[in-house]
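Student: I'd like to ask some things about the structure below.
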Amino acid sequence: MKLKEMGGGNWKNQKSKKKQNLQRQKRGPRLPSSLQKQIDRLNPTTPLESADSDDNDLYEYEEERAEEESRKNKRYDPVSVNDDLSEEIEDENVQSDDESGDSDYIGTKKDENVQSDDSGEEDDGRHARMLQAITGMPSEAFEENKKKKKTMNDFVIPELYPGPEYNPSRDVGEGNARISIEDLLNPLSEKPTYGKLRKRQLQIMKHGRIVHAPLSKAVQAKVERTAAYEVSKKDVSKWQHIIQRNREAPTIFFDEDVNLGFSTVGAIASEFEPRTEFEKKIAALVYDNEVTDAHKNDGSKLLEMNKVSIEDEKDRQNRIAKMRSLLFRHEMKAKHIKKIKSRTFHRLLKKDRFKAEASQIQMDPEAAKEHAMKRERERAEERMTLKHKNQNRWAKRIIQRGLNSQDEGTRAAIAEQHQRHAELTRKMHSMKDSSSSSEDTSDEDDFENSAGSDQERAYKLLGKARDKTMKVLEEENEVPKSGLLSLPFMRRGLEKRREEAVEEANLAFQEYEDSLKKLENSGSLEDPKAASTSGRKVFGPAKAQISDTSVKVKSYNSYGGSDSEDDLGIGKSDNMENMGSHLLHNKDSVVIQEDTDTHKESLLKTIDDIIENPGPKTTCEVSIFVSDQWKKAKNKNENTTIKKSPNLTGPVRQNKKDAEKEIGEDSDTDSVGQMVDGILSSVSKVPYELPSQEELIRQAFAGDDVEGDFEKDKQEILEEENPEPEKPLLLPGWGQWTHIQEKKGLPSWMLKKHEDAQKKRAEALKKRKDAQLKNVIISEKIDKKAEKLHTKSLPFPFTSKEVFEQSMRVPIGPEFNPATAIGPLTRPEVVKKPGVIIKPVEFEDVNPHEKSEQRSGDKRKFKKTSGKPVKKAKVGGKK
Amino acid sequence: MGKTEENDALTKNKPPTEKDILAELELKMKKYLRGESANLEVLKDKKLKGQLAVKEQLYGKSAQAAAKAEKWLMPSEGGYLEAEGLEKTWRIKQETIAHEVDISSSRKQYDIILPELGPYTLDFTSSGRYMAVGGRKGHLGIVDMINLSLIRELQVRETVRDVVFLHNELFFAAAQKKYPYIYNREGTELHCLKEHGPVLRLQFLKNHFLLATLNKFGQLRYQDVTMGSMVGNFRTGLGRTDVMQVNPFNGVVSLGHSGGTVTMWKPTSSAPLIKMLCHQGPVSALAFHSNGHLMATAGKDKKVKLWDLRKFEVLQTLPGHANTLDFSQKGLLACGNGSLIQVLRDVSGTQNYSRYMTHSMVKGYQVGKLIFRPYEDVLGIGHSTGWSSILIPGAGEPNFDSWVANPFETSKQRREKEIRALLDKLPPETIMLNPSKIGTVKPKREKPTKQEREAEVEAAVEAAKGMKLKKKTKGRNKPGKRVQKKQEALSRVKRPYLEQKIQEEENMSRKKQKTSEGVELPKSLQRFARKKASS
């Protein structure tokens, strides 16, 4: 400790000495010149001497410094620093205290010395006086003290004092700069403490150690800092590999092995410890040994242990019963509430019911009858009770008060009631009337009104029916001579159907006849009306229609029965219906739909056929309906083609007309109007048309001087982008006054300018991408819209365009990379789960040479190593 | 007797050694790496270097995984017809092939004869599952190609010139007499695109959802099918033509004209990107290889030419007419002329096409449209009396990627895919000759035009004028001072531009001097000229 202190002090002293030296040197020029001169005169050799001594000094210092340093190094051994930092701190404190004392002390001394150097002995006296004044002690004490100190210091550390080297007078006086400790000790031999001193000196001599003066504070701090820097650098540099590794890692992972502690309720519960009284009690019960044993064995013992008092049981039962009853009541209530429906619901329900009833009445005679009965009953009730005839209290009161004085709503209500009454009491039609067919009621009201007896009506009806059948029979005899139905197979089918229809009609006719006869026989024979209607043909348009539809339906039914394909049948019958309109309006959309249906069927068939017989075979598909129109169109087509073929050889002008016709789509325009869908018989094949005249001509002459045209085009475009410089021209009259001027021609600058412009143009043209390609024009226009797809400048870390573009060349999307590679390609720099706490990096030994291996190694390794430090640092919940 | 050898090229050879496999994988990896990586050694920035190195490594791994998957996991392998001895592949008839192949394949050979409704045109969906059929005389239909059932058929009662599927089989467009129409699968007319006029050809750009049409007046129109907006409307100015094809690689639409030129268009520029003279006579057909580098054109000058679109140079010129051309997925080229169909194949892999197969239709049948069915070795032929289908071994890609096109797609998958496709829809400006340039640094403009420069200066001046001055006190707020300050600000703003201008002028004059100096001495003596720096 002491040594250290001393060292510190020495160091300081040394430093101060140096400083002093410097000070002195510095101070030189600051002295007044007169004084300086005086000094010079007094000791002219001083500067030289001093310089010498200085040299010596320096040498000495260096040596000592080196020693000091080595010691110092020893002191600041890293191990020691690391081992006992606290000690160091203590040391420092002590030292600093010491230092401050020292420095103070030295400071005063220094000053003193300086002063003594400059102004001789009187200074000493002044100083003593000063000390005396400050401390209040006699100056002798100081003197003595000083002397002692002086001696001590002199032999212990000669550098402490400016010493003889700096004291020119002394130097000069002695002639020898070296003063040994013996020299100093000798005069003290008589003193009583000499032996002690001597001993000490011997000791020092033996050990040969010299304690140096402490350095100044600033220098010391600096040295300390440098040393500390070294140490801390070393300390920090051990992290370097870890940090470098983390920096170089493409991704850092913070989500490895995230343990968030307990995951299940059971796990949490298992950790539970009973603490409060209550908890302890419960635990004692739950973890009762007997109970657990019983559980473990077979559970029969549990029953024995389960002792329940009668009161408890009763209580429990009562409670349960109460709860049950409550529940039941609640349930009932809920049911009740559930049943209650809203007003609108009931209204709708009622409406539905009425609707259903109404429909049922129409459909079902039984229901109708029931309904009628009900109505009858209602009516009777109403008539009996007169419920709605102002009988109730409310109505009576209102009437009593006077209807006029009531408000609108009430009056309306009263009116409604009246209406209801009227409705209810209205006499119903008889049952029979309401159940008869709607046709009768709607169409033939006159019958109802006029016809007296049922017989008569029946007679009339029969007569009419017979007439209609007759008419239909007659109608059907007409065979359609045009249109779809004129086709042989259609005709056949039609005939078949007609035969059936005729048969049926005949039967019906006979029936009518029979019944008519019966009627005639039974009823009044000489009914003029009946007679007039019986034999004659009386056609009413409406009636005819009715019969027509009926027959049609019949025929349709019969057809449906005979044909297996119902859809086709429907289509056909519909087509038959629409025949007329169909032919007139080709673009009827409905028809298109239907047609496509049928067409599809047929095409399917063809495909199937072809699949069955894969050989090259033309399948003849019988079309479903072919119109005359189509045939006509075909003929036309043929005609035109025939016409065309001779024309091809003939002169061009003649068939200009023809060509005009076919400009648009070769011969399509003609046939479009008459085009009819469906697959047509393959018998009539339209030969492939030769290319039209115009096309031929185009082909023949298009190739003329194509290259020339193209070149011209290219020139134009080049001209547009880089216009040819204008030829230099003078304004007429300008610069042409004399023939000399004329002879000179254009001024040289003009010519030069023109030449330059031309050169520039040539260069620009040469730069074009298509400069070497004679047959290509590559547009140089910049697409402004596409500019946003490029980066405006190189992104930051890149410095060369090539490197950037090369780094962008591989797409990293999932469409372009295998699934194994997408993850690493698109992984972010930091992978972290939300909520994970990132802990500081923990130290770990890393082999710096592992790096290269890592680079070339597997990705997983990468991941692992990069994750490691973090992994260590992070797992918090694991402890 | 010809023998079809598909998928058993390997069995004949010895099992490949490890070295071979490695070489093969290397080759495939190269394909997936899409070019060399940049030279990272040059980079000074260590961090960037490290990052890029890691990235490159990942790319390498991805490519390797892809190559491995391609090598080992693909369910089936493609193959071609191989002739033995003196046999020639093009002598092998469809009948003989039919004997050799399995039943399901032999079912793919058929002719559908529909003589009345005129020459037929065809189109397949991208998965090859559905085919749209358009008869000249108004017959439209959709056929499910797997079970050969007709899904829907309708008769529009007017000329139909072209049919094309939109993004899936639910919609198709038909170019009819006056306008193009869009129908759904049920045959219901959804839209009438009146703006397009009488359209001759239709093309659909699947990634951009654009319907491109070319009408009688030589107008090219692009319509966005999703929003219905008209994206582009250009007059070609080169006359009527019905030769139109989309380059599947970049979505550029190419047109063949009667002047023998082929023009390439994108929807965002009114001038063609490329205009090239391909033939002496009118261009009759066009086709693009799916890699986007190869174009085939046929002209009325009795030539079929193959072009390299990177250099715009002819690779190969073949004699013969062709009304229609089509490239298969594997790069077979089908040419149809009259009733004869030729399929060419690049045997050596050096873009040197030679005859691979031929097929002649029944005499009198005029082939109007050839189209390879995707993912099948099938060539669909639309001709004057219906349509046919023949087997071309090795035409289609043997393995389909269900994320790209799935022939066995369920309706749910289709729906999902539709949504995905809509989300991934590319804007029309992404159509450019080289789409791989997207995302790179903007090509430098030579010089900002005079107008632009002026505009820039003006904008800067305006900004300076609009600047608000602080309210200062103590005599600094005098109007004179304020005006002065404003003027100063203006001059400060203008200064850089002026300096630039001066610099440029100086540069120009220096250049001139240099050129004049260079001119002074003949080239042979220039090296003796004293250099300024040394003196």
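Even glycines carry a Cβ here, placed using N, Cα and C.
Note that TrEMBL annotation is computational and uncurated.
Copying in the features that TrEMBL gives for the protein in this structure:
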COMPBIAS  B:446-455  compositional bias 'Basic and acidic residues'
COMPBIAS  B:467-484  compositional bias 'Basic residues'
COMPBIAS  B:485-517  compositional bias 'Basic and acidic residues'
DOMAIN    B:355-435  domain 'BING4 C-terminal'
REGION    B:434-455  region 'Disordered'
REGION    B:467-535  region 'Disordered'
REPEAT    B:276-317  repeat 'WD'
Student: Give the residue counts of the repeat 'WD' (B:276-317) per reduced DSSP state, in the order helix, strand, coil.
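Tutor: Helix/strand/coil tally for the repeat 'WD' (B:276-317): 0 helix, 25 strand, 17 coil.
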Student: Within the compositional bias 'Basic residues' (B:467-484), how many residues are helix, strand or coil going by DSSP?
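Tutor: Across the compositional bias 'Basic residues' (B:467-484), the residues distribute as 6 helix, 0 strand, 12 coil.
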Student: Using DSSP, tally how many residues of the compositional bias 'Basic and acidic residues' (B:485-517) sit in helix, strand and coil.
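Tutor: Computed counts for the compositional bias 'Basic and acidic residues' (B:485-517) are 33 helix, 0 strand, 0 coil.
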Student: In the domain 'BING4 C-terminal' (B:355-435), how many residues does DSSP assign to helix, to strand and to coil?
Tutor: 17 helix, 25 strand, 39 coil
Student: Summarise the model confidence on the domain 'BING4 C-terminal' (B:355-435) as a single mean pLDDT, whole number.
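Tutor: PLDDT averaged over the stretch: 93.
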